Amino acid sequence: MMTEPYLPNGTQTPSERQAETTSLGDLLAEVSRDVSTLMRQEVELAKAEIRETTKRAGRGAGLLGGASVAGILALAFLSVALWWALGYLMGNAWSAVIVAVLWGIVALVLALTGKKQIEQISGLPQTVDTVKEIPDALKRNEENR
């Protein structure tokens, strides 16, 4: 003897009502559409996260490039300063040293800022989280059985 698929209060769940009126082929088509929609949404989420990640990586790389230029300028000014210092031991040499030290500070600030930007790159956290939820979403639960 089969028991009727009714809730204790005598009503059917929405899923049970739909199962009685819909063919298996239609139900499978609906599941297929839902899975297809879910996969498209996951791909779009991954694309959005990749865009954000590459933007952050580009900024960090640009700052490191700026640090490289500043470092080269620091070396150039230190070289000029050493040349002047050895040549004159007074006057213009000290001004060249001050400029070189300032460029060294700029290089340090840019390098540290660029490194910090690159360390903040976290990959695709939302995509990973939502992909982990897919198996649970496909399982049958009490509310939607």
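Yeah, the Cβs are placed from backbone N, Cα and C, and that goes for glycine too.
TrEMBL has this to say about the protein:
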- 9-21: compositional bias 'Polar residues' (COMPBIAS)
- 1-21: region 'Disordered' (REGION)
- 61-86: transmembrane segment (TRANSMEM)
- 92-112: transmembrane segment (TRANSMEM)
Report task. Using DSSP, break the compositional bias 'Polar residues' (9-21) down into helix, strand and coil residues and give each count. Result -> 8 helix, 0 strand, 5 coil
Query - Contacting positions for the transmembrane segment (92-112) when only residues 6+ beyond its ends and CB under 8 Å are counted - result: 63-64, 66-68, 70-71, 73-74, 77-78, 80-81, 84-85
